[in-house]
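Q: Here's the feature list from TrEMBL:
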SIGNAL    1-25  signal peptide
BINDING   CYS24, CYS29, CYS32, CYS54  [2Fe-2S] cluster 1 binding site
BINDING   CYS94, CYS97, CYS129, CYS131  [2Fe-2S] cluster 2 binding site
DOMAIN    207-384  domain 'FAD-binding PCMH-type'
BINDING   VAL235, VAL236, VAL237, GLY238, ASN239, THR240, THR241, ILE242, ASP329, LEU374, ARG392  FAD binding site
BINDING   GLN731, PHE762, ARG876, ALA1044  Mo-molybdopterin binding site
BINDING   PHE878  substrate binding site
ACT_SITE  GLU1227  active site, proton acceptor
Amino acid sequence: MLSQNHLHVSLLYIVLLTGTKYGCGGGGCGACTVMVSKYDQLNNRVLHYTVNACLQPICTLHGAAVVTVEGIGSTKTKLHPVQERIAKAHGSQCGFCTPGMVMSMYTLLRNKPHPTMEDIREALGGNLCRCTGYRPIIDGFKTFCDVSNASENGEGCCQNGESGGNPGCRENEMELFHMDNVLPLDPSQDLIFPPELMKRACGSLCFQGDRLKLISPVDLTNLLELKTEYPEAPVVVGNTTIGINLLLCHLLFVIYLLCVHVHAGVSMGAVCTLSSLKEEMERAVREMEAERTRGYQALLQTLQCLAGKQIRNMATIGGNILSANPKYDLNSVLAALDCTLQVMSKENGTRAITLNEELFTGFGKTALRPDEVLLSIDIPYSKPWEFVSAFRQAQRREFAFSIVNAGMKVLFREGTNIVESLNIYYGGVGPTLVKVGRTCQKLVGRSWGEDLLADACRLLEEEVELSDSAHGGKVEYRKTLTTSFFFKFYMQVLQELRERDVNVCLLPLEYLSALNVCLFPLQLVSNAQSSQDPVGHPMMHQAAFHQATGEAQYYDDIPAVQGELFVFMVTSTRAHAKIINIDPSEALGMTGVVTFLSAGDVPGQNRRMLFNNPEELFAEEEVSCVGQIIGAVVAESREQARRAAQMVKVTYQDLLPVFFTIEEAIQHQSFFDPKRKLERGDVDKAFETVDQILEDEIYLGGQEHFYMETQGLIAVPKGENGELELFVASQHSAYTQEVVGITLGIDSNKITCHVRRLGGAFGGKVMKIASLSAITATAAVKTGRPVRCVLERGDDMLITSGRHPFLGKYKVGYNNDGTIMAADITYYSNGGCTLNESLAIMEKALLHMDNGYKIPNLRGRGLVCKTYLPSYTAFRGFGGPQGLMVMESVLHEVAVKCGLPPQKVREINMYREEECYTHHKQLFSPRDMLRCWDECLDKAGYHDRLQAIQQFNTSNRWKKRGISAVPMKFGVGFSKGFFNQGAALVNIYKDGSVLVAHGGTEMGQGINTKALQIASRILKVPMSSIHIKETCTGNVPNAAPSAASFGTDAVGMAVKDACEKLMRRLKPFMENHPKYTWQQWVINQHPPGYPNAVTVWVSRGPHTDMDWENSEGPAYYYFTFGACCSEVEIDCLTGDHKNLRTDIVMDVGRSLNPALDIGQIEGGFVQGIGLYTIEELQFSLEGVLMTRGPSQYKIPALCDVPPQFNVHLLANAQNPHAIYRSKGIGEPPVFLASTIFFAIKEAVAAARRERGLGDSFPLSSPATAERIRMACEDQFTEMAPSPKKGTFKPWSINI
């Protein structure tokens, strides 16, 4: 059916191949990557290429072979080497992205069995991972490279059986993984292309659906006839622009390619893919003299950053041009090159059109007539004295739309610096491509020198018009980029003219920088430990092989239950309004729609109390945010439910006030109760005696979870006694069970929640999933049929929200030597419209505000702002990263004011006594924190590199580097003691096999793997004899959430105690029959029939609780310590930055599994890179979230990981408070990425000092390219002054 015509839909629900995952539905994450093979009759070869299944219409695959992850190997038959190596290298955590990674690498190997590291990076550039930090994925895949290719950038490591490329690699340490017995890559074993597809006859195809007709013409004549018949039908090849929103009646799908070298250049067929264009440009650059291919080199520079490999394999050059989107990078470069388009129609034949600003008549519109098609693009060779450059700046260096892009070309009179012609085009500074014609015209005939530069910048400032309310915002930044790009171009050309001995002005050496575009030391396991004991060894994730083959089942992979329906949410479009009427009549009249749900359909309670604040399932009388659930449509298919939901009419009456920001909440005094306060010493008195007082603030933006698997569940009514089963993606199945029971008005014992695994969670699947489950369960009960709920990515981001934005205001008293004597900090968080978990998150921020520093007089206040946004919720770190960040900002600014290195000020203020008390009077020892700090500085070579950076900054005007190191003290566990408990059920069967069930949730952190290791140690049986099936409320009731880095502590101890209890039962019989096997002991135990099953509840350690009235209490069981040092380089002209190197030393106690712990450290750190430098949420003035998918919201990609990324586990660390002296590690590493932020701030300060500006300046988090560039104030930023508040309507607001 063309109503559900995309490949991933077919694979998932028709063919039942569930390895291809739905991650975003827009080609932005790579989870749905598959390989498509087609026979190229012209060249008599088979082409293999990756595509995003979510964008690929099935009907466009006629004559093609599709290979999914299931087709290349399985655990039932034989793994493919790609699947084996990513698993063994610990490159699969939650596993949801793994099949896509596997298919990208598999396709690369089909085309190039001996790839380089650059090939691998390019192949994986379109695949996102939210868990691993990418490093282990690369480690596994680089084993396919030749030795010489695998050690690029010093990435070789002796622990992988390679020659060490990183310093300090110790030969006597345990290997993280080894490849001694891996399957070799044997191309002869790959699937063959079906021979029958080579012989198929080409002919016109027509696919007819209920709303859509898709026609594939047989040849050009046929296409022109069809375009005459259907002039409004778009021509589709890759479908990357129209995407999943096929709302048109007719589509013309074209399948032939064309590329011809002609005398004047290269003529590319309009339907040539961007990958084909890239290959053709590379071939031309390789085979022709450099002078003729300058334009092609500029194109390649753009293509390398444009989209991911899958998109480039699908998208065409013609589609990119005619989409007429100024954010698409190619048009500015092609226009600068004076390219010509050949267009054709049946009526008027062929005509040539110059690709320039006149081609584009509006956003998404061109000057082509409706019956015309684009035939080819002629890209000319460069002339001898012609110079070309392309520029772009995006939110993320790769796989992201540009904020501004530019193409520039200048032609000089031969042998001189006199400008004969000049082309400058910009994209992203208007609704269409912009040519600064007046500027170009006035510069023709001028000498290429400083006077021309000054005039050019002035003219550009005048000609580039961008309203202060322009779509996309970032107005000052975009204006600044236009002149900054030209300045770069000016310097590039000046340098090349000098190389040709043209007499031009000297370019200062320090200006040249503007033209430049593994180690895992592990603990040693004691020799006395049995080789059969897996605890402490880097064991592979228990489900890694199944995840790599696509066999691992997530909730939406469960086959459809008979009679299954789909539910889709109807959400508010107003931020604060009274609901006047809800009219679902039009929706109910649509095909396939079964029913509509609203508050009146809830059989139990629609309103419940959460932390003493009311929460509504469906909004009844009033809405308090955009995205609040008002109702739900239930239909036979998800597409029918989605369309019908859009037809539900809701009438509102707007209410006041409406505000969204922390600042507005402070003005309205809109806060949730209670407000929190912690205080140590006498802060006010201390302020009277200090040398200096500083008052400042720092703003930290929010963050979207962007787990790869969106939220959802399947609710199945059992039809007897009101029983209901939920297969749900929840970190807290017991809470989900409770909320569903309250909503339905039935007892919890009739509701069973099953959780096999989650495709990522990070705190986002604790609370909000309970409401979604209650709605879906209500639909199941009302209809008497199973109901499936799968949130689309945009709705997931809108409804569930994410990490809290924070504002930290502080007053700090310090002495001239950098010693901080007093600090008064007020934390404000944006809680949204309901309290949710905001109070607990604020409490954790306050409890972490001292970090590792002994500030004798410290006061912290915490206020949760009530605004009209979706309520924010838990996110990895749970307020810790925000609380710690404000304190580190205090230390940094004090260092600046004192003129001291930040590292020295941090050392001066650290806790140092063997026994110390936190600001909430909890006893701890900072010994291991100080060890982490000293080792980190030593291993990073901090002091030597600091000197090298100072020298670099002196020698480079437009590139600057910075380095920063921070310590960390992070509390582990819940401050509410009743949450700190775990439960486990262990069954031993007659055949000796063991089944373990526990209350934790596997979401990539490896809790099941560690549980197996613990059980294996106690029972003394191999891990292969132990199985963990799922988390189920029917097996382990009332379990605590898997959160707070405490899951393994609680569950692990419960498993340990249960196994020890069983072993005590078996011990007498084992001692009497020492020669029996394990199975004989189990079968013949005495007394006969004594149950070999134990359920154990464990309440861990001393009671934790906080007395907020008296500012004291043991809030945590223990602290995880760490230290991190990072170095960055910024481009002062664009704000772009590169993460050059990171060194981490982490105290994880005695690690249960170093491989999993290092994976958590790396993954958490890279998620922190997103938090502090990339990820930016944007809301409209009406409170609508505009960043609702990977096209608008960017998480870190492979290009953001530091090339040198060294993780060290602190040796000889102990922790008497947790299982086998280990420590929780899931949350702490996120904060360590703040070193990237502060290193950026150091680099910006170096740029400002050079310009005579102060070292102290505001920089909010995240430190995006825009904020970095505008902080590097110079003559170009002065040309784009910020407008006064109130004089314009901004495009978006900072929450």
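Keep in mind that glycine also has a Cβ here, set from the backbone N, Cα and C atoms.
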Q: Considering all pairs of residues in GLN731, PHE762, ARG876, ALA1044, annotated in the record as contacting Mo-molybdopterin, what is the maximal C-alpha distance expressed in whole angstrom?
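A: Per the listed residues, the maximum Cα distance equals 12 Å.
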Q: Which residues, in sequence order, are found in the same chain with Cβ within 8 Å of the centroid defined by the Cβ atoms of GLN731, PHE762, ARG876, ALA1044 at the Mo-molybdopterin site, excluding those residues themselves?
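A: Those within range, site residues removed, are ALA761, GLY763, GLY764, VAL766, ALA874, PHE875, PHE878, SER1042, ALA1043, GLY1226, GLU1227.
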Q: Can you check which residue among the binding-site residues CYS131, VAL237 has the largest number of Cβ atoms within 10 Å of its own?
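A: When each Cβ's neighbours within 10 Å are tallied, CYS131 tops the list.
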Q: Comparing the binding-site residues CYS54, CYS97, which residue's C-beta has the most other C-beta atoms within 10 angstroms in this structure?
A: CYS97
Q: Going by Cα-Cα distance, which of the recorded positions (CYS54, CYS94, PHE762, ARG876, GLU1227) sits nearest to VAL235 (FAD binding site)?
A: CYS54
Q: Would you list, in sequence order, the residues of this chain other than CYS94, CYS97, CYS129, CYS131 that have their CB within 8 A of the centroid of the site's CB atoms, where the site is the one recorded for [2Fe-2S] cluster 2?
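A: Neighbours within 8 Å of the Cβ centroid, excluding CYS94, CYS97, CYS129, CYS131: SER92, GLN93, GLY95, PHE96, THR98, ARG130, THR132, MET708, GLY759, GLY760, GLY1004, GLY1163.
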Q: Within the chain of CYS29 ([2Fe-2S] cluster 1 binding site), which residues six or more apart in sequence place their C-beta under 8 angstroms from its C-beta?
A: GLY23, CYS97, GLY100, ASN127, LEU128, MET708, PRO1190
Q: Recorded positions CYS24, VAL237, ASP329, ALA1044, GLU1227: which have a Cα within 10 Å of PHE878 (substrate binding site)?
A: ALA1044, GLU1227
Q: Of CYS24, ALA1044, the binding-site residues given in the record, which has the fewest other CB atoms within 10 A of its CB?
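A: Across CYS24, ALA1044, these binding-site residues, the one with fewest Cβ atoms within 10 Å is CYS24.
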Q: With a 10 Å radius around each C-beta, find which of these binding-site residues (ASN239, THR241, GLN731) has the fewest other C-beta atoms nearby.
A: THR241
Q: CYS131 ([2Fe-2S] cluster 2 binding site): which of the binding-site residues CYS32, CYS54, ASP329, ARG392 is the nearest Cα neighbour?
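A: Nearest by Cα distance to CYS131 ([2Fe-2S] cluster 2 binding site): CYS32.
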Q: If you count Cβ atoms within 10 Å of the Cβ of PHE762 (Mo-molybdopterin binding site), leaving out that atom itself, what do you get?
A: 31
Q: Out of CYS32, CYS54, CYS94, ARG876, point to the one nearest THR241 (FAD binding site) in space (Cα versus Cα); all of them are binding-site residues in the record.
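A: Nearest listed residue in space: CYS54.
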Q: Among VAL235, VAL236, VAL237, GLY238, ASN239, THR240, THR241, ILE242, ASP329, LEU374, ARG392, recorded FAD binders, what is the largest CA to CA distance in Å?
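A: Spelled out: the longest distance between any two Cα atoms in VAL235, VAL236, VAL237, GLY238, ASN239, THR240, THR241, ILE242, ASP329, LEU374, ARG392 is 28 Å.
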Q: Restricting the comparison to the recorded positions CYS24, CYS32, CYS94, ARG876, GLU1227, which residue's C-alpha is spatially nearest the C-alpha of ASP329 (FAD binding site)?
A: CYS24
Q: Quick check: of the recorded positions listed here (CYS24, CYS54, PHE762, ALA1044, GLU1227), which one has the Cα closest to that of ARG392 (FAD binding site)?
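A: For ARG392 (FAD binding site), the closest Cα among CYS24, CYS54, PHE762, ALA1044, GLU1227 is found at CYS24.
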